[in-house]
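Below is one structure, written out as structure tokens; the observations come after it.
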Amino acid sequence: MIIFVQDTLFSYIRENVKDYLHTHWGEEECQQDVSLLRKQAEEDSHLEGAVPIPVRSEHGVDDTEQIIQAVVDNVYWQMSLDRKTPALKQLQGHIWRAAFTAGTVKAEFFEDVVPAIRKWRQAGMKVYIYSSGSVEAQKLLFGYSTEGNILELFDGHFDTKIGHKIESESYRRIATSIGCSPNNILFLTDVTREANAAEEADVHVAVVVRPGNAGLTDDEKSYFNLITSFNELFLPSST
């Protein structure tokens, strides 16, 4: 999935964000996205390389192109830093929605993922998604995939509205939300900072080693429970 996200989804944003803005500029949703990005840009004004987004001129001047280019430059800047701000994720989600619903893009998964999740469900386990991508973007991924619509396999979705993934409190909030003790949750991730945060919240963790993931240090390899396939995870008896 990480390769698909990086090589397909993020590339699609970079290649199509300007065209998307031109096409949808007059729509309220698009203007809300731009307003949220502008607010984020104001908060980021102290950061090196931050790109401001101007407001529309009060003198009747058509400065749409200038504003659109500023939005594009801001998106490129945030993505270059791998930022996960709600403003960026919201616009990305809307661009992906247009692509998925048009059939331009379909999500791809490692071949072991969907069969393993089906086994977990059959064993009575609940499965949730927690991602830095918006809930809307998550539902697009699982609703428009090469496996078809597999949204029925998930009991719920969480994004950074509940908290950032490198903050332990986020995992406590999720546990409370789903009515489960943290030590009865297994969190799968490919990011060790997320794994550390989850462990601090008393959540069990397995670090998934996949092609395209960031490399692990020797200490991380010896400390974390590593898996290369979802099929390696323990499944309780369904009897």
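Keep in mind that glycine also has a Cβ here, set from the backbone N, Cα and C atoms.
Since this is a predicted model, take the numbers as computed values, not measurements.
What TrEMBL records for SER131, SER132, LYS165 is substrate binding site. With a cut-off of 8 Å between CB atoms and residues at least 6 apart in sequence, the same chain places ALA137, GLN138, HIS157, PHE158, ASP159 near SER131 (substrate binding site), listed in sequence order.
Across the residues annotated as binding substrate (SER131, SER132, LYS165), the widest Cα-Cα separation comes to 8 Å. Taking the Cβ of LYS165 (substrate binding site) as reference, residues of its chain lying under 8 Å away and at least six apart in sequence are, in sequence order, TYR130, SER132, THR189, VAL191, ARG193, GLU194, ALA197.
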